[in-house]
Ligand code: HEA
Ligand code: HEA
Ligand code: CUA
Ligand SMILES: [Cu+2]
């Protein structure tokens, strides 16, 4: 064991032994498959999403290689089209959201002082579904049957008539499958944050990262159904000849776009919001003060979550809808920049008023500010309809969204990786290596994507597998390609840094940064039960707060030690008053079984083996029924009258 | 603080704990409410698509001389489904007082009503399929998708209720202190009912307006 | 494409004057924007694009100003680091509210107003009796017809300079988008519907346009050219579009015509005044004078034409014209014939 915490005066040695007995999992193969520990599941999310990131990133490198010279023949047009579609789809659905869910899974229970998520088995299920859905989609690539219609899959090109084969069936079914994971994860986050906060953590003491995750989860709940409805209709149109999107049967092609973007726009904030939460979580440790304007930031998070449902038409500014509708959506898109501005200036104020400690996580936060602000500005430009009509579907848009996605989401993730690596692995990373990685990633990012603004304005449309030399885009494309290699080297160094830390890193103390939130009051890595004593929270910065610290030491009480059985505390939704201790579920294989049955179901649907699909569905229902079958209890415990 | 700690300690002692105290809302309750919220959004998207396609289509709706949907069966279906929430409520109140017989009778009544609804839906389909199918035109696609998807929800609800019913027949699962699952299933069933009203309005009544 | 070069001398800066501070970056954009034949939105030649270019420079300078503000604050924080005190109090909420919400709000309202004005201007199309072009998108080429004219052409739109021309957009299959960066922002072609936009070139010249909505395998090669010419030239051109295609003059051309009309070509292509009346592929009545082959895939010269006819799939993989069973002996005749159609 790399670190041991001296048993605080509160819990006795026996308490700790009992906690370990109830929570620890033996290192066996079965335990590996049956775990419900949020920390292990969170780590798996991070690793799996990282794997999909590498796959999608390597696809991008192939694309960039093809685009380095005009009329290059590195890949065929059909291959290129699958590559960019898988790149976009995987980056958005299989990397960005799951990666942030991974952070959430690992951190939310730790930050709110709980021993697990509200639904640990559902959590395990969500992970398996995510893994299987990701494999389901990526497997199609070597078969040449990967989605090939961009990440937003506009009809009628995605319809059976124009796109025969399995490509778009993989897309529709894969996203429906994945949606199960995302939805269950979102519900789990909300309920965890509502019911499992440590006593005393009233709403005004909830860490900003948790606020961000909860707001994100709410957006998932309201946004994802639109995508699911859309994909269900697409699949029915393709397979069973319905006419939702078929003008000759009375359908309408713009319905697809509306539903997609009713999901799609909130989705970009689903991606950026937890990342902004990471920024708010990282800053206090490196500015030595709390983030300025906590209430304003919470307000901004809530405002973004709401307004983001009212701007989707800005992705359809060139479809020729009525100008009145454009002016409305243009106004909404303009206004949504303001909550982001508030957050940026709150962080700037934090940095101005604090004492900066320049370590790798802070470097990535600074890189984030520079890049995200630039990307945000181009977003604000698109909000002006007339300008958007000129640059939409050109490389200018590609520049915008990589600035906000890489600057706004990937940089914070990298900051988060360096920041929480000691907590997750119990090892410190190598600072010099980290700095090299930062500078390469930062430079690579801007060298790759800044020129895209230019050649976008110079008329280069996106999603072209090649271009001719006459329009004069060659030079800039070459620069972009060179930049993307630089970026890849930087990311490779990040990977090397992580591997190095795990293998050779210095053992990390419990709180290497003197951080402010509760995860730093646990061991590195945390014990299976997270907290020997569930803390009683007295402020927004519990680890910096003596009374909170005392509540887990001298002030520990039996109702917060809970060493009898696998238990954690429920508290009230708003004020976090203690309600009752509850028993948490044991490890089980059922989540894996259920996810496996669903994988069989979706594969069978894809290959049109409908009887197999029906059987799989029966297994699904049976598993759920067994999973939830109520346990028996003696009558006096149930309280039965007649 | 200290005295609350004391109360809680007493309340969370070994014996007290073994009976689930009805303090606050459970995670299961919240989970079901959120599931219902996201499902309701899904239905809202489908019904929204219905109106979008209808108004984009043009003045004549349903297209192709299908005529307005017949009202009799759906109204009977409504009369069967909407009241089916009452026995669930009655059963839930019963088990809160520990009266198992009310749980059993209430769930049985709901099951009967729900199955009747599905049978009526099947007869309606049998009749409609003679006139138009899912592939006839966009109206057919919408009609079968929306009603079919709702029918699926009724089926899921019935599965949940029959499962509760089976557990309640076995006997030693529910009582005055343990009835979370009844409460949670009831939420789902009420939701299925409420959605039907929206569907009745959209599919059957709105073309006549 | 040669006419563009003469018109590309620096007109882009006309709408917004550079300030000394960021002249370097500005110069970079300007330089790049004017290099060669770039169909740059920053080098507008049409009424619509000119307006949007002005809007761009406004947005650009505002963004620059706010960006500099953010960078100054950030550098300040990095350079003048505070002492080792843990400041937990004193929340400068007012600073955050003013700098983060108040100031941006004022800026955005102003910009939104300008944007609305420009949007209205873009929507202000020509009057009812302006000339009208019917453009139909196909996978992956553009069919071009003129209201009141019988003939058709492809991937090339001629318009009279200085006049507003109505463009009616339809698609035969999937979505496409009509974009001429130097003349007018995009309008999508929506399956099952008709959309309308307009063009007005302020200077004579040729302006490259390209499909800007992903439409499948060969979305990359779905370009077209807008040729703005003086009214008289335009009228003459339109008159030729209505007349039968040029008759073959040499023996080779005559043999070529025969091969064309009697061979497989006529099933898909039309040449006015002959029996070839196919409508699957582009009308070839003026093939000899088009700017490109295959919607911008390759330049229009004898060598490329031969390659195209022999097997267009090597030139533009996946396009809708299958490889043709043409004898090696017939090929030169076909080339000669098609090149003679001017
Ligand atoms: C993380 C993801 C993310 C984020 C955060 C954003 C943020 C924003 N986006 Fe972006 N966007 C995408 C991801 C994202 N976007 C993607 C993936 C696409 C393309 C999809 C596709 O076509 O494939 C897209 C496309 C897109 C379009 C459509 C473009 C087109 O296809 O034609 C538009 C149009 O309005 C838009 C607007 C905005 C706006 C207004 C913001 C705002 O939220 C930005 C707010 C932030 C700031 C403005 C910076 C900080 C603020 C200040 C410093 C205060 C001062 C500011 C001012 C005075 C302006 N985005
Ligand atoms: C989070 C989202 C995200 C991220 C991070 C990225 C990252 C990158 N993107 Fe992506 N991109 C999208 C989301 C994203 N993209 C979306 C949504 C689209 C639109 C798709 C569509 O049109 O439908 C798009 C489209 C898109 C295009 C336009 C394609 C087209 O229109 O034709 C291009 C072109 O250059 C591109 C390039 C890149 C590059 C070079 C990176 C790089 O940052 C990638 C770097 C990563 C790696 C290289 C992998 C990690 C590497 C290692 C760990 C080292 C090990 C490897 C070696 C060095 C051998 N992207
Ligand atoms: Cu047509 Cu792209
Ligand atoms: Cu958007």
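Cβ coordinates come from backbone N, Cα and C, glycine included.
Of the listed segments A:20-44, A:170-194, TrEMBL assigns transmembrane segment to A:170-194. Your range for transmembrane segment, going by TrEMBL and the list A:236-257, A:478-499, A:500-521, is A:478-499. The stretch from A:45-63, A:206-227, A:268-286, A:433-458 with the most CB pairs below 8 A to the transmembrane segment (A:293-314) is A:206-227.
Counting Cβ pairs closer than 8 Å to the transmembrane segment (A:399-421), the top stretch among A:45-63, A:83-112, A:124-145, A:612-629 is A:83-112. Between the transmembrane segment (A:45-63) and the transmembrane segment (A:124-145) there are at least 3 Cβ pairs closer than 8 Å, counting only pairs 6 or more residues apart in sequence, which means the two stretches are in contact.
Counting residues 6+ beyond its ends, the transmembrane segment (A:433-458) has Cβ neighbours under 8 Å at 64, 360, 363-364, 367, 371, 378, 391, 394-399, 402-403, 406-407, 411, 414, 418, 471-473, 476-477, 479-491, 493-494, 496-497, 500 in the same chain. When averaged over the domain 'Cytochrome oxidase subunit I profile' (A:26-538), pLDDT in the model lands at 95.
Per-stretch counts of Cβ pairs under 8 Å to the transmembrane segment (A:83-112) identify A:124-145 as the leading one among A:124-145, A:206-227, A:612-629.
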